[in-house]
Amino acid sequence: MIRQRTLKEIVKTTGVGLHSGRKVTLTLRPAAANTGIIYRRTDVNPPVDFPADPASVRDTMLCTALVNDEGVRISTVEHLNAALAGMGIDNIIVEVDAPEIPIMDGSASPFVYLLQQAGIEMQNVPKRFIRIKKPVRFEDGDKWAEFVPFNGFRMDFEIDFNHPAIESDEQRLLFDFSSQGFVREISRARTFGFMRDIEYLQSQNLVLGGSFDNAIVLDDYRILNEEGLRFENEFVTHKVLDAIGDLYMCGHPIIGEFRAYKSGHGLNNQLLRAVLADQEAWEWTTFEEEVGSPVAFAEPNMVLA
């Protein structure tokens, strides 16, 4: 059968918080089967847990943030969550000693490396997939996102940036999900922003940790990072990375096709909520045989980077 996965060992790293600019320690811990993905703030007493759940996402202004009724939050979870999806991790405790996950280099790649360092432990319980049974669509002005039935996990994502540095033929990406494909084609794509927006936000005491080390920065005409892009379609690829992280907030791999036009964290989350709220739109499924799986996850000892 296709089994649930956790980590073999505890791993730790430190990085900078995108919004605070302060040092953040991130600890990833193995968890028992059927625990799910739990984000935990350890710097508050008692510690506060946020189970991966689309209803926990209450702020999507500059990132995906989990917020509880008392206003305790963990921001910028989407890149780590995408890495968990990419590596097929079902059960994990994610601990941070700050209100945000460290931004690292602005991509999911450092988190993939961290998960590979920890190693993957197979658990003797079937992995539970969410299978999309009928189309569900969510619109916001000219932006939209939808799920349709498909025997696999496919992303068809289009952005629309009228900018000299963003080629018009590099604004759409079709990606058939697999662990290998995620690591090689998606995980290294960095977040991006405009210098004028970053300067304004920093004047408001936001994105204080934002820098050329963790984002692609643009002015009105060009990319300001000396090293340029990691690949030509890095912008739309990062939007796919974000969507993979946002959609994995249900805590389970999805079998279906996600199509989107100009979607972002808020719309991704609203679509996920709409799907789960409609009992006829989806069903649980497990796979007795590895061969029958429509989604290919990495072998536990596979080096993908």
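Residue 1 is the first one shown; counting continues down the chain.
Placed from the backbone N, Cα and C atoms, the Cβ positions cover glycine too.
For HIS265 (active site, proton donor), the Cβ neighbour count at a 10 Å cut-off comes to 21, with all displayed protein chains included. HIS265 (active site, proton donor) falls within a helix when secondary structure is assigned with DSSP. If you look up Swiss-Prot, you'll see HIS265 marked as active site, proton donor.
Here Swiss-Prot flags HIS79, HIS238, ASP242 as Zn(2+) binding site. Under DSSP, ASP242 (Zn(2+) binding site) is assigned to a helix (H, G or I) in the three-state scheme. Long-range neighbours of ASP242 (Zn(2+) binding site) (same chain, six or more residues apart, CB within less than 8 Å of its CB): THR64, GLU78, HIS79, ALA82, THR191, GLY264, HIS265, ASN268.
Each of the binding-site residues HIS79, HIS238 was scored by the number of other CB atoms within 10 A of its CB, and the lowest score belongs to HIS238. Taking the centroid of the Cβ atoms of HIS79, HIS238, ASP242 as the Zn(2+) site, the other same-chain residues with Cβ within 8 Å of it are GLU78, ALA82, GLY106, SER107, ALA108, ALA189, ARG190, THR191, LYS239, VAL240, LEU241, GLY245.
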